[in-house]
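What follows is a set of notes on a single structure, which appears directly below.
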Ligand code: 13P
């Protein structure tokens, strides 16, 4: 499967940082890669970034509302993100689940909204440290997948992002065996739910991915890419992670 290297800028980025997007796009132009490259930005930067990216890298968003439009002050619909130049949206990130009370059911509605608008969705799941200690990690993530995928088969899920909460921004990461065990479990869940289509959905690992550990993580079975937070903010770091994937011949 063609890997996906996705950056998530979270709530970082002013106009001045658009130079990083230009630099990432330039690095992909210089060394065409056998990966899809995506950066999910704050909504305020999407339109300008997508014209700077000039199709060399994809630009995405980090959340959307489930409705097309309406009296939802401060919210942004999937259609608006698409209109601004996004082609993908991250949904159900643990920070949205934690700080905005997003449940699996809310995430499923947003996935439907993304499909409706023609956006690809990256659905995020992950367990807490306590859940892992209690031996519940596989069950927690399996349940999140089951409930966060909408029933409609037309949904455009591009990827599932496995991001253990305790690995995000902490410099900690699961062992290679733990990553493989979880990614294989996610694959089984996707195939039992979606049949052969479940094999076409990329499973990304996220949580403290950086230029030093990316090669080892991306080489693991069932790891189809990375979801990168902090290390996606600097073009040099993000380009180094992209550089782990072989160049296009
Ligand atoms: P870090 O790479 O900063 O740990 O963030 C991971 C993440 O949450 C990406 O969505």
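Positions of Cβ are set from backbone N, Cα and C atoms, glycine also.
In the record from TrEMBL, residues 8, 9, 10, 169, 229, 230 bind substrate; the candidate from 50, 148, 192, 208 listed for the same site is 208.
Contact annotation for recorded positions (9, 10, 163) versus ligand 1: 163, each with CB under 6 Å from a ligand atom.
Fewest Cβ neighbours within 10 Å among the recorded positions 10, 93: that distinction goes to 10. Neighbouring residues of the recorded substrate site, listed in sequence order and excluding 8, 9, 10, 169, 208, 229, 230, comprise 168, 228, 231, 232, 233 (Cβ within 8 Å of the Cβ centroid). By a simple count of nearby Cβ atoms, those within 10 Å, the most crowded of the binding-site residues 8, 229, 230 is 8.
With respect to their backbone Cα atoms, residue 8 (substrate binding site) and residue 163 (active site, proton acceptor) stand 12 Å from each other.
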